[in-house]
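**Q** The structure follows.
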Amino acid sequence: MARTKQTARKSTGGKAPRKALATKAARKSAIVTGSVKKVHRFRPGTVALREIRRYQKSTELLLRKLPFQRLVREIAQDFKTDLRFQSAAIGALQEASEAYLVGLFEDTNLCAIHAKRVTIMPKDMQLARRIRGERS
């Protein structure tokens, strides 16, 4: 069966959109005519490495601002109700949070590599936090 070309879409956080049934019939008719061009696919891991290099070069924030702001406000509700935040304060919290997470993922990746794996697992993150002294 011929493959169809996939285009990059921005994630909305919900379920992936379902393909229409009409595409199946269109694909079958295209196979008969033989006009389907083979789709170029990168080898597994190539796109991941490209994304790693891209995000290591960039300096912009990786988490969206509004979802992060909602999370901060939700956590702050547990301590005191009706707290107000300056936008600079939330920006500083986001910078610090992202720097912490990036460092943690770097250490987690080193733990996975030490175990002769390329896939990080929860036990790698637990080991990284334990070595850092964050959790016993």
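Numbering starts at 1 and runs along the chain as it is shown here.
Placement of Cβ uses the backbone N, Cα and C atoms for every residue, glycine included.
Feature table excerpt (Swiss-Prot):
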MOD_RES   Lys5  N6-acetyllysine
MOD_RES   Lys5  N6-methylated lysine
MOD_RES   Lys10  N6-methylated lysine
MOD_RES   Lys10  N6-acetyllysine
MOD_RES   Ser11  phosphoserine
MOD_RES   Lys15  N6-acetyllysine
MOD_RES   Lys24  N6-acetyllysine
MOD_RES   Lys28  N6-methylated lysine
MOD_RES   Ser29  phosphoserine
MOD_RES   Lys37  N6-methylated lysine
MOD_RES   Lys80  N6-methylated lysine
REGION    1-20  region 'Disordered'
**Q** Measuring Cα to Cα, how many Å separate Lys37 (N6-methylated lysine) from Lys80 (N6-methylated lysine)?
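**A** It is 60 Å, counting Cα to Cα.
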**Q** Looking only at C-alpha atoms, tell me how far Lys5 (N6-acetyllysine) is from Lys80 (N6-methylated lysine), rounded to the nearest Å.
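**A** Given the Cα positions, Lys5 (N6-acetyllysine) is 51 Å from Lys80 (N6-methylated lysine).
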**Q** What residues, ordered by sequence, lie under 8 A Cβ-to-Cβ from Lys80 (N6-methylated lysine) and sit at least six positions away in the same chain?
**A** none
**Q** How many other Cβ atoms sit within 10 Å of the Cβ of Lys37 (N6-methylated lysine)?
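**A** Taking every protein chain into account, the count is 8.
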